[in-house]
Amino acid sequence: MPKIKSAASGRRRERQQQRGQLKSAGGLMFNTGIGQHILKNPLIVNSIIDKAALRPTDVVLEVGPGTGNMTVKLLEKAKKVIACELDPRLVAELHKRVQGTPLASKLQVMVGDVLKADLPFFDACVANLPYQISSPFVFKLLLHRPFFRCAVLMFQREFALRLVAKPGDKLYCRLSINTQLLARVDHLMKVGKNNFRPPPKVESSVVRIEPKNPPPPINFQEWDGLVRITFVRKNKTLSAAFKSSAVQQLLEKNYRIHCSVHNIIIPEDFSIADKIQQILTSTGFSDKRARSMDIDDFIRLLHGFNAEGIHFS
(Lines of atoms letter the chains of each structure in order from A and count residues from 1; the text may use other names and numbers.)
(Lines give C-alpha, C1' and ligand atoms only; values in the text may rest on other atoms or scores of the structure.)
Protein backbone atom coordinates (compact mmCIF):
# COMPACT_ATOMS: atom_id res chain seq x y z
CA MET A 1 0.00 0.00 0.00
CA PRO A 2 2.70 2.59 0.85
CA LYS A 3 4.35 1.94 -2.56
CA ILE A 4 1.09 2.57 -4.38
CA LYS A 5 0.58 5.78 -2.45
CA SER A 6 4.10 6.90 -3.28
CA ALA A 7 3.64 6.19 -7.00
CA ALA A 8 0.35 8.07 -7.03
CA SER A 9 2.00 11.02 -5.29
CA GLY A 10 4.77 10.97 -7.87
CA ARG A 11 2.27 11.03 -10.71
CA ARG A 12 0.47 13.96 -9.09
CA ARG A 13 3.75 15.87 -8.79
CA GLU A 14 4.55 15.12 -12.42
CA ARG A 15 1.15 16.40 -13.54
CA GLN A 16 1.62 19.52 -11.43
CA GLN A 17 5.03 20.13 -13.00
CA GLN A 18 3.58 19.66 -16.48
CA ARG A 19 0.81 22.11 -15.70
CA GLY A 20 3.40 24.57 -14.40
CA GLN A 21 5.27 24.37 -17.70
CA LEU A 22 2.12 25.40 -19.56
CA LYS A 23 1.87 28.75 -17.77
CA SER A 24 2.62 31.93 -19.66
CA ALA A 25 4.38 34.88 -18.08
CA GLY A 26 0.98 36.14 -16.97
CA GLY A 27 0.07 32.81 -15.38
CA LEU A 28 -2.30 31.76 -18.20
CA MET A 29 -2.76 28.01 -18.65
CA PHE A 30 -2.53 26.76 -22.23
CA ASN A 31 -4.72 23.86 -23.32
CA THR A 32 -2.61 21.75 -25.65
CA GLY A 33 -5.60 19.45 -26.16
CA ILE A 34 -7.11 22.08 -28.46
CA GLY A 35 -3.81 22.98 -30.06
CA GLN A 36 -2.76 25.94 -27.91
CA HIS A 37 0.93 26.20 -28.77
CA ILE A 38 1.91 29.87 -28.83
CA LEU A 39 4.50 30.90 -31.43
CA LYS A 40 7.01 32.82 -29.32
CA ASN A 41 9.89 33.51 -31.74
CA PRO A 42 9.44 37.07 -33.11
CA LEU A 43 11.78 36.39 -36.05
CA ILE A 44 9.51 33.60 -37.28
CA VAL A 45 6.38 35.71 -36.67
CA ASN A 46 7.88 38.49 -38.81
CA SER A 47 8.99 36.05 -41.51
CA ILE A 48 5.49 34.53 -41.79
CA ILE A 49 3.93 37.98 -42.13
CA ASP A 50 6.53 39.01 -44.74
CA LYS A 51 5.67 35.92 -46.83
CA ALA A 52 2.03 37.05 -46.93
CA ALA A 53 3.07 40.31 -48.67
CA LEU A 54 0.27 42.24 -46.97
CA ARG A 55 -1.03 45.56 -48.28
CA PRO A 56 -2.21 48.49 -46.14
CA THR A 57 -5.75 47.98 -47.53
CA ASP A 58 -5.93 44.27 -46.62
CA VAL A 59 -8.44 42.58 -44.34
CA VAL A 60 -6.60 39.67 -42.71
CA LEU A 61 -8.17 36.53 -41.20
CA GLU A 62 -6.21 34.98 -38.32
CA VAL A 63 -7.25 31.66 -36.78
CA GLY A 64 -6.01 30.71 -33.32
CA PRO A 65 -4.37 34.04 -32.42
CA GLY A 66 -3.40 32.86 -28.93
CA THR A 67 -2.02 35.72 -26.85
CA GLY A 68 -1.66 37.97 -29.89
CA ASN A 69 2.05 37.79 -30.75
CA MET A 70 1.23 37.63 -34.46
CA THR A 71 -2.01 39.61 -34.20
CA VAL A 72 -0.25 42.80 -33.09
CA LYS A 73 2.20 42.58 -36.00
CA LEU A 74 -0.65 41.97 -38.44
CA LEU A 75 -2.54 44.99 -37.10
CA GLU A 76 0.51 47.14 -37.81
CA LYS A 77 0.51 46.03 -41.48
CA ALA A 78 -3.16 45.65 -42.42
CA LYS A 79 -6.31 47.72 -42.53
CA LYS A 80 -8.17 45.23 -40.32
CA VAL A 81 -7.59 41.87 -38.61
CA ILE A 82 -10.42 39.42 -37.95
CA ALA A 83 -9.18 36.98 -35.30
CA CYS A 84 -11.10 33.71 -34.72
CA GLU A 85 -10.54 32.33 -31.22
CA LEU A 86 -12.27 29.46 -29.41
CA ASP A 87 -11.01 30.20 -25.88
CA PRO A 88 -12.70 33.18 -24.12
CA ARG A 89 -9.64 33.61 -21.87
CA LEU A 90 -7.43 34.26 -24.89
CA VAL A 91 -10.05 36.60 -26.34
CA ALA A 92 -9.71 38.67 -23.16
CA GLU A 93 -5.90 38.59 -23.51
CA LEU A 94 -6.18 39.83 -27.10
CA HIS A 95 -8.39 42.77 -26.16
CA LYS A 96 -6.16 43.59 -23.19
CA ARG A 97 -3.09 43.62 -25.42
CA VAL A 98 -4.39 46.33 -27.78
CA GLN A 99 -6.58 48.22 -25.30
CA GLY A 100 -5.91 51.95 -25.35
CA THR A 101 -3.79 51.79 -28.52
CA PRO A 102 -4.62 52.88 -32.11
CA LEU A 103 -4.60 49.17 -33.05
CA ALA A 104 -7.74 48.41 -31.01
CA SER A 105 -10.12 49.86 -33.61
CA LYS A 106 -8.60 47.63 -36.32
CA LEU A 107 -9.21 44.37 -34.43
CA GLN A 108 -12.40 42.29 -34.72
CA VAL A 109 -12.64 39.06 -32.73
CA MET A 110 -14.91 36.16 -33.66
CA VAL A 111 -15.42 33.89 -30.65
CA GLY A 112 -16.13 30.22 -31.38
CA ASP A 113 -15.25 27.27 -33.60
CA VAL A 114 -14.03 28.56 -36.97
CA LEU A 115 -15.13 25.32 -38.67
CA LYS A 116 -18.74 26.03 -37.68
CA ALA A 117 -18.65 29.74 -38.51
CA ASP A 118 -19.40 31.51 -41.77
CA LEU A 119 -16.12 33.04 -42.84
CA PRO A 120 -16.19 36.80 -43.46
CA PHE A 121 -14.69 38.56 -46.47
CA PHE A 122 -10.89 38.73 -46.24
CA ASP A 123 -7.92 39.33 -48.54
CA ALA A 124 -5.38 37.09 -46.81
CA CYS A 125 -5.31 34.46 -44.08
CA VAL A 126 -2.27 34.26 -41.79
CA ALA A 127 -2.38 31.75 -38.95
CA ASN A 128 -0.58 29.41 -36.58
CA LEU A 129 -3.39 26.86 -36.86
CA PRO A 130 -4.50 24.40 -34.18
CA TYR A 131 -3.15 21.32 -35.95
CA GLN A 132 -6.20 19.12 -35.39
CA ILE A 133 -8.32 21.33 -37.68
CA SER A 134 -5.76 21.53 -40.49
CA SER A 135 -7.49 19.43 -43.16
CA PRO A 136 -11.10 20.64 -42.74
CA PHE A 137 -9.91 24.24 -42.46
CA VAL A 138 -7.85 24.07 -45.66
CA PHE A 139 -10.88 22.94 -47.65
CA LYS A 140 -13.17 25.41 -45.93
CA LEU A 141 -10.73 28.07 -47.11
CA LEU A 142 -10.41 26.76 -50.66
CA LEU A 143 -14.18 26.49 -51.17
CA HIS A 144 -14.77 29.96 -49.66
CA ARG A 145 -16.16 32.70 -51.88
CA PRO A 146 -15.33 35.41 -52.74
CA PHE A 147 -11.75 34.38 -53.41
CA PHE A 148 -8.96 35.50 -51.12
CA ARG A 149 -5.49 36.33 -52.43
CA CYS A 150 -3.33 34.00 -50.34
CA ALA A 151 -2.99 32.11 -47.07
CA VAL A 152 0.24 31.63 -45.11
CA LEU A 153 -0.35 28.90 -42.55
CA MET A 154 1.60 26.93 -39.94
CA PHE A 155 1.01 23.17 -40.05
CA GLN A 156 2.42 20.00 -38.57
CA ARG A 157 5.45 19.13 -40.75
CA GLU A 158 4.08 15.87 -42.16
CA PHE A 159 0.74 17.48 -43.04
CA ALA A 160 2.57 20.31 -44.83
CA LEU A 161 4.65 17.82 -46.81
CA ARG A 162 1.48 15.98 -47.84
CA LEU A 163 0.02 19.24 -49.14
CA VAL A 164 2.96 19.79 -51.49
CA ALA A 165 3.70 16.13 -52.41
CA LYS A 166 3.89 15.24 -56.11
CA PRO A 167 2.92 12.05 -58.00
CA GLY A 168 5.35 9.29 -57.07
CA ASP A 169 6.26 10.81 -53.68
CA LYS A 170 5.74 8.58 -50.64
CA LEU A 171 3.41 11.15 -49.01
CA TYR A 172 1.36 11.81 -52.18
CA CYS A 173 -2.29 11.29 -51.25
CA ARG A 174 -5.86 12.47 -51.71
CA LEU A 175 -5.08 15.60 -49.67
CA SER A 176 -2.22 16.46 -52.07
CA ILE A 177 -4.18 16.22 -55.29
CA ASN A 178 -7.36 17.83 -53.94
CA THR A 179 -5.44 20.83 -52.63
CA GLN A 180 -3.35 21.19 -55.77
CA LEU A 181 -6.47 21.02 -57.96
CA LEU A 182 -7.79 24.16 -56.28
CA ALA A 183 -4.60 26.04 -55.39
CA ARG A 184 -0.91 26.59 -55.86
CA VAL A 185 0.86 25.32 -52.73
CA ASP A 186 4.44 26.12 -51.68
CA HIS A 187 6.46 24.95 -48.68
CA LEU A 188 8.13 28.08 -47.24
CA MET A 189 10.09 27.05 -44.16
CA LYS A 190 10.56 24.55 -41.37
CA VAL A 191 9.89 25.59 -37.78
CA GLY A 192 11.34 23.67 -34.82
CA LYS A 193 9.19 22.74 -31.83
CA ASN A 194 11.21 24.93 -29.43
CA ASN A 195 9.83 28.05 -31.11
CA PHE A 196 6.50 27.42 -29.37
CA ARG A 197 5.29 27.68 -25.77
CA PRO A 198 4.53 25.00 -24.70
CA PRO A 199 6.48 23.07 -27.39
CA PRO A 200 4.36 20.59 -29.41
CA LYS A 201 5.45 16.99 -29.85
CA VAL A 202 5.94 17.43 -33.61
CA GLU A 203 7.96 19.65 -35.93
CA SER A 204 6.14 22.29 -37.97
CA SER A 205 6.26 23.95 -41.38
CA VAL A 206 4.86 27.10 -42.97
CA VAL A 207 2.99 26.79 -46.27
CA ARG A 208 1.67 29.42 -48.69
CA ILE A 209 -1.61 28.65 -50.48
CA GLU A 210 -2.88 30.68 -53.44
CA PRO A 211 -6.32 29.66 -54.74
CA LYS A 212 -6.68 29.23 -58.50
CA ASN A 213 -8.92 32.01 -59.76
CA PRO A 214 -10.88 31.11 -61.79
CA PRO A 215 -11.08 27.57 -60.38
CA PRO A 216 -10.93 24.56 -62.73
CA PRO A 217 -14.33 23.88 -64.38
CA ILE A 218 -14.92 20.70 -62.39
CA ASN A 219 -17.62 19.65 -59.95
CA PHE A 220 -15.51 19.20 -56.81
CA GLN A 221 -17.93 16.68 -55.24
CA GLU A 222 -17.62 14.49 -58.37
CA TRP A 223 -13.86 14.91 -58.41
CA ASP A 224 -13.47 14.04 -54.72
CA GLY A 225 -15.72 11.00 -55.13
CA LEU A 226 -13.41 9.61 -57.81
CA VAL A 227 -10.21 10.49 -55.96
CA ARG A 228 -11.53 8.98 -52.73
CA ILE A 229 -12.07 5.61 -54.44
CA THR A 230 -8.68 5.52 -56.13
CA PHE A 231 -6.64 6.59 -53.09
CA VAL A 232 -8.15 4.10 -50.62
CA ARG A 233 -5.37 1.78 -51.82
CA LYS A 234 -3.15 4.11 -53.83
CA ASN A 235 -0.68 1.33 -54.73
CA LYS A 236 -3.37 -0.83 -56.33
CA THR A 237 -4.14 -0.65 -60.04
CA LEU A 238 -7.33 1.25 -60.82
CA SER A 239 -8.76 -1.96 -62.24
CA ALA A 240 -8.37 -3.55 -58.79
CA ALA A 241 -9.59 -0.45 -56.92
CA PHE A 242 -12.88 -0.44 -58.83
CA LYS A 243 -13.57 -4.13 -58.10
CA SER A 244 -14.83 -3.25 -54.60
CA SER A 245 -18.47 -4.32 -54.27
CA ALA A 246 -19.33 -1.14 -52.32
CA VAL A 247 -17.86 1.02 -55.10
CA GLN A 248 -19.70 -0.92 -57.81
CA GLN A 249 -23.01 -0.68 -55.93
CA LEU A 250 -22.63 3.10 -55.58
CA LEU A 251 -21.73 3.62 -59.23
CA GLU A 252 -24.52 1.34 -60.46
CA LYS A 253 -27.05 3.27 -58.36
CA ASN A 254 -25.78 6.58 -59.80
CA TYR A 255 -25.78 5.15 -63.33
CA ARG A 256 -29.38 3.95 -63.06
CA ILE A 257 -30.45 7.40 -61.81
CA HIS A 258 -28.65 8.98 -64.78
CA CYS A 259 -30.36 6.63 -67.24
CA SER A 260 -33.77 7.25 -65.67
CA VAL A 261 -33.38 11.04 -65.91
CA HIS A 262 -32.22 10.86 -69.54
CA ASN A 263 -34.67 8.13 -70.64
CA ILE A 264 -31.89 5.68 -71.46
CA ILE A 265 -32.90 2.01 -71.54
CA ILE A 266 -30.59 -0.30 -69.58
CA PRO A 267 -30.15 -3.79 -71.11
CA GLU A 268 -31.25 -6.73 -68.97
CA ASP A 269 -27.77 -8.24 -69.06
CA PHE A 270 -26.12 -4.96 -67.95
CA SER A 271 -23.03 -5.37 -65.75
CA ILE A 272 -21.59 -2.35 -63.95
CA ALA A 273 -18.29 -4.22 -63.50
CA ASP A 274 -17.97 -4.68 -67.28
CA LYS A 275 -18.95 -1.04 -67.87
CA ILE A 276 -16.29 0.21 -65.45
CA GLN A 277 -13.60 -2.03 -66.95
CA GLN A 278 -14.50 -0.88 -70.46
CA ILE A 279 -14.07 2.78 -69.41
CA LEU A 280 -10.75 2.10 -67.65
CA THR A 281 -9.44 0.26 -70.71
CA SER A 282 -10.61 2.83 -73.26
CA THR A 283 -9.09 5.71 -71.27
CA GLY A 284 -5.82 3.81 -70.78
CA PHE A 285 -5.97 3.82 -66.98
CA SER A 286 -6.75 0.18 -66.20
CA ASP A 287 -3.21 -0.62 -65.05
CA LYS A 288 -2.37 2.83 -63.67
CA ARG A 289 -2.01 3.49 -59.94
CA ALA A 290 -3.28 6.57 -58.10
CA ARG A 291 0.14 7.14 -56.51
CA SER A 292 1.61 8.08 -59.93
CA MET A 293 -1.33 9.96 -61.49
CA ASP A 294 -1.40 13.75 -61.76
CA ILE A 295 -4.29 16.20 -61.97
CA ASP A 296 -4.59 15.97 -65.76
CA ASP A 297 -4.79 12.16 -65.53
CA PHE A 298 -7.67 12.35 -63.05
CA ILE A 299 -9.49 14.97 -65.13
CA ARG A 300 -9.31 12.69 -68.20
CA LEU A 301 -10.49 9.72 -66.16
CA LEU A 302 -13.39 11.67 -64.65
CA HIS A 303 -14.47 12.90 -68.09
CA GLY A 304 -14.26 9.31 -69.37
CA PHE A 305 -16.65 8.08 -66.67
CA ASN A 306 -19.02 11.06 -67.00
CA ALA A 307 -19.22 10.66 -70.79
CA GLU A 308 -20.58 7.14 -70.20
CA GLY A 309 -23.14 8.34 -67.64
CA ILE A 310 -21.24 7.24 -64.53
CA HIS A 311 -21.04 9.84 -61.76
CA PHE A 312 -19.44 9.93 -58.32
CA SER A 313 -21.80 12.19 -56.39
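All positions are counted from 1 along the displayed chain.
Cβ atoms are placed via backbone N, Cα and C, with glycine included.
These figures come from a predicted structure and were not determined experimentally.
Residues near GLU85 (S-adenosyl-L-methionine binding site) in space but far in sequence (CB under 8 A, at least 6 apart, same chain), listed by position: GLY64, PRO65, VAL91, LEU94, VAL109, MET110, VAL111. According to Swiss-Prot, the S-adenosyl-L-methionine binding site annotation covers HIS37, LEU39, GLY64, GLU85, ASP113, ASN128.
Feature annotation from Swiss-Prot assigns region 'Disordered' to 1-22.
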Cβ neighbour count within 10 Å of ASP113 (S-adenosyl-L-methionine binding site): 11
LEU39 (S-adenosyl-L-methionine binding site): tally of other CB atoms within 10 A of its CB: 20
